[in-house]
Each structure stands twice: as structure tokens, then as C-alpha cells.
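To start, the structure under review is shown below, and the notes come after it.
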Amino acid sequence: MAGVMSVKDFIVATKYKLIRKIGSGSFGDIYVSINVTNGEEVAIKLESNRARHPQLLYESKVYRILQGGVGIPHIRWYGTEREYNVLVMDLLGPSLEDLFNFCSRRFTMKTVLMLADQMIGRIEYVHVKNFIHRDIKPDNFLMGIGRHCNKLFLIDFGLAKKYRDSRTRTHIPYREDKNLTGTARYASINAHLGIEQSRRDDMESLGYVLMYFNRGTLPWQGLKAATKKQKYEKISEKKMTTSVEHLCKGFPAEFPMYLSYTRGLRFDESPDYMYLRQLFRILFRTLNHQYDYTFDWTMLKQKAQQSQSSGVPGTNTTTQGATVPSAGVPAGVAPGGTTPQ
């Protein structure tokens, strides 16, 4: 958008005024914007109408189908403004990747289990609506703001795909000639092998996200290769040769149980979401945790605020060396598409 016009001149649907850019991705740029009629802040995604692979219209249609679900951002408007496709939606808080960095790249078991419960619920809702997400990763889960600050939102449906007919419930056919869609770090083994993705792949990807939060890194991160294709092959090989037991070593048995279950699902099989939620809920109770929405970052932010109010300089922006994530991250700040790790 730089060089085309100034931000202050850009008004969407006669009432949404762009304030500042807060992100960008493969689709274009994201701005915090304000509804000039009531002062409400929203997020706006802009995509050039000359984009080689436009996805914003498709994403807006998926969002429309998902509207009303818990943890699904509300869509305010979609249309074109000047030379841009525009999606106006809820403004959300930081992503789980942002918060993971804020917490020095390690979450406590309590936080992981509280997140797992919400994450399984979000993915189940998308599946009930006949879609698979195909890019489950920490960047695509955002916390809400204000009264929704403890609610987890699932975003970025540019790679989502309808896996069954909404009327006949006929499942898409099994295929083995697919390119990897999504993010290699969290991709299922079958996705690496070129097998058409289905519900099982979203659930397996979530298992890798949870172990990433537990461990801090995954064994297939940081692999070096000359080309993207070779890197994907290395990640795939490492993933296939790392046993579930080794990946989850030192963590409760529920995590290898989760991954073994999801890897064992048939192509068109519906995951038993309640079984998976119960795995983690029972573990949560066994560990004597309280589901009080006190996440790791809640504690850190409270400490930062206390330090600030007590007059300690320099503590309002960082804690443990990480920038305090603030509200004002849009629904959809994470770039879509395939990424190398």
C-alpha cells in the first residue's frame, strides 16, 4: 500500500478509517482501523486486486459459514475499495506464538492443558461446519481482548477446505498426489507424504503444537537444506523417524496417547473430540489445577504491572526479556501459506 496513498486518506465502506499497519502476510497488509460512527476499533485485511493468487474473497466466504461459533472472529464487511479487496473483522489480542515468546518459550502444564481444551473445541466446530483448517499452528490461535481476553480464537481460513458435502455428507475422495499445504513444522506425516488432508490431519497438527509448547522446540526445527523441497523432505524424514514416545518423553502419558490416537485415524474417520478433551481434562484434575483462566502470561503481565506501579523503571514493556504482547493484533495477522519450518 506504500506509495499508492496515505493511510489517513483510506476509508472503507464510508465508515472504517485506517489507523496504522500492524501486520502483513502472503495476502497483503493488516491495519488497525476505527469505525468513525461509533469509535469501535476493528481489523482490516487488504489484498491487492491484482494479487496472483487472491484468497481474501474465499476466506471471507468461509468466515461467513463459520459465523456464530465460539472463538470465530465476527466479520463486519467484505468488498472492494479502490484497488483492494477488503475484509473488516474483529480486532483480537496476541497470538499464542507471541505469548509463547513473551513467556520465554515455555508454557506450564496448566497453561498447555487449558489451551488444549479450547483448541480442540475450535477445531471440532470447524469440522462440524464441514471444513478442515489445514494450517493449525500457534500463530493462527489468538486470544481475545476486553471481556473476551480469556477466549481463544481460531483465524486464517485462506487454506481451509471443504472435506464433505454439507447436504449429502459425502466425504472428499482419498488422493495421494497432493503438495504440502500448511506449515511444515506442524504438518501431519500424511500431509508430508502427499495424502489428501482430512480431519485427522488438523488433530495431529494440534498434537505437535502442544508438544512445541511443552518442549520449547520440536526435533525437526532448524534443519538445514539447500532448497525448500529438500528442507521439507528432511523435516518429513525426522518426523517419521521420531517415535511418539521419544517426542513426548518426560511429559504425561496423555500426550503420546493423543498423538498415537490421531495418527491412527482413518482418512474419513471422525475424531472422537470428547475423548481427546477428556484425556486432558482428567489429567488437569489429576494435577489438581483450577480452570481459573490464569495463564502463564496473566501472571507475567500482573508482575509487570506491579513493577510499573511500584516505580521500577523500564518494566512496563518487557518481562523476562520479552515484549509484553498487547491488544491490537487482528484476526488474521498470521501470514497464510506454506512456511519452511
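Note that Cβ sites are derived from N, Cα and C of the backbone, with glycine treated the same way.
As written in Swiss-Prot, here are the features:
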- Asp135: active site, proton acceptor (ACT_SITE)
- Ile22, Gly23, Ser24, Gly25, Ser26, Phe27, Gly28, Asp29, Ile30, Lys45: ATP binding site (BINDING)
- 306-320: compositional bias 'Polar residues' (COMPBIAS)
- 321-341: compositional bias 'Low complexity' (COMPBIAS)
- 16-284: domain 'Protein kinase' (DOMAIN)
- 306-341: region 'Disordered' (REGION)
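Cβ crowding, taken as the number of other Cβ atoms within 10 Å, peaks at Ile30 among the binding-site residues Ile22, Ile30. With respect to their backbone Cα atoms, Ile22 (ATP binding site) and Asp135 (active site, proton acceptor) stand 21 Å from each other.
Cα separation, Gly28 (ATP binding site) to Asp135 (active site, proton acceptor), rounded: 18 Å.
Each of the recorded positions Ser24, Gly28, Asp135 was scored by the other Cβ atoms within 10 Å of its Cβ; the lowest score goes to Ser24.
Straight-line distance linking the Cα atoms of Ser24 (ATP binding site) and Asp135 (active site, proton acceptor), rounded to a whole number, equals 17 Å. The two recorded residues, Ile30 (ATP binding site) and Asp135 (active site, proton acceptor), have Cα atoms 19 Å apart.
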